[in-house]
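What follows is a set of notes on a single structure, which appears directly below.
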Amino acid sequence: MTEPFVLSAFTMSTVSHGNFGLWRHPEDRTAEYTDIRYWVELAKLLDDGGFDLLFIADAVGQLDVFGGDASAALARAVQTPVTDPLLAVSAMAAATQRLGFGITVSTTYESPYLLARKFSTLDHLTGGRIGWNIVTSLLDSAARNIIGRDRQIPHDERYAIAQEFVEVTFKLWEGSWEPGAVLRDRERGVYTDPTKVHDIGHDGRYFTVPGAHLVEPSPQRTPVLFQAGTSAAGREFASRNAELVFASDPRPDVLRANIDDVRRRAAGHGRDPGSLKFITSVEIVTDSTDSAAQAKADDLAEFHDLEGGLVLLSALSGVDWSTYGVDRPIEQFDTDASRSILAAVTDSDVRQRLTLRDYVGNLGGFGGELFVGSAATVADQLEAYAARTGVDGFNIAYHVTPGSFTDVATYLIPELRKRGRAREAGEPTTLRQRLFGGDTGLLGDAHPAAAFRRNNVTAQ
């Protein structure tokens, strides 16, 4: 049976997320990112157009590796400036009915107690349409400004912190408030039964959280759990915790192997490996015909900024590429930043051909595989890519907004619906139900978070 793809719009609360220089295009509106009307209009477009969710990336540090400071990032608007992605969600939710929201928040620089409150609040305000993209961060500049360290916490320790962090939030979301704790009994003047609200008593290596959750249970209790990270530590973390895994690699066969590895690890943790879904980042340029789409892609490429790509690659890899020849094959370096980035671009199978110009000098770099063509052509390409890699859907990066997403909604999604590859509008549900089905919108009983439940919280 053909399953619909997960269709996610991939963006960031900034001017330039992944395709740098495109903010200069006359049809691009990303410079309006500080205006709430921009976000509301985008959300309505995605909701009406058939997208499942809006996935918002985030970074909490300056990109200051390239050239030794943040000058290039500031000049070229490379993920700088950037605003808090959580704050526009409630306004977008009020203007939409079905669209989910996957918001990136780091476990390295947040408090689990406060984060649990934020996501429970958003789960209430969105009617259960919120997801948390769990990341561990990778910028030394964030460590300097948030926790006063010269360098970030070592890579694998960040994942150890993340594991304890999510366990604290699971205790708060799933175990602190029993079913039926909220009475709203006007006659007796009792809102909450205090015997059904419990302190979690967490005292761990990294966090001490003795008290109860501040927020009454929300529609999903726990937000849909996303995870982005494909290192060995990242795959292990995903296999334990994630429901929707954002897995990217420019090598389709490696992407397939990583997905298979996460599923195997999930089975080892007692989870159904088929219960996890995987999305990967792609870029799409589509129009009424192949030739019209190619002409559009050629026009977009005229605005592409090579140096902007080098700024981001330097930040992600922890390597200053400012003096490295752009036509020289990329080499591997030891780093505590994103290990999967360097592994992908220095693989022995591609080392002889992959230069900095190859990787960041064109469309289809950080946004993932580039697909150009009519709706039928791109739909064929997506189906073939999914069959080869095992992904369940796509995190669709933009070139210009809202134009890139308008084109997907106008041309591609109707074609995917004809093939059973995109969901019909349907009735509003929680994000978990939209992506995974089920009757309640709660985490499944096999998820590790279910172990913290009290008195038979009804799961799907």
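From the backbone N, Cα and C atoms, a Cβ is placed for every residue, glycine too.
If you check TrEMBL, you get these features:
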BINDING   D58, T104, H155, Y159, S231  FMN binding site
DOMAIN    20-392  domain 'Luciferase-like'
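Known features from TrEMBL, placed on the structure.
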residue: D58; record: FMN binding site; DSSP (3 states): coil
residue: T104; record: FMN binding site; DSSP (3 states): strand
residue: H155; record: FMN binding site; DSSP (3 states): helix
residue: S231; record: FMN binding site; DSSP (3 states): coil
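Across the domain 'Luciferase-like' (20-392), the model assigns an average pLDDT of 93. Compared over the binding-site residues D58, T104, H155, the count of CB atoms lying within 10 A of a residue's CB peaks at T104.
Taking the Cβ of Y159 (FMN binding site) as reference, residues of its chain lying under 8 Å away and at least six apart in sequence are, in sequence order, T136, G229, A233, G234, E236, F237.
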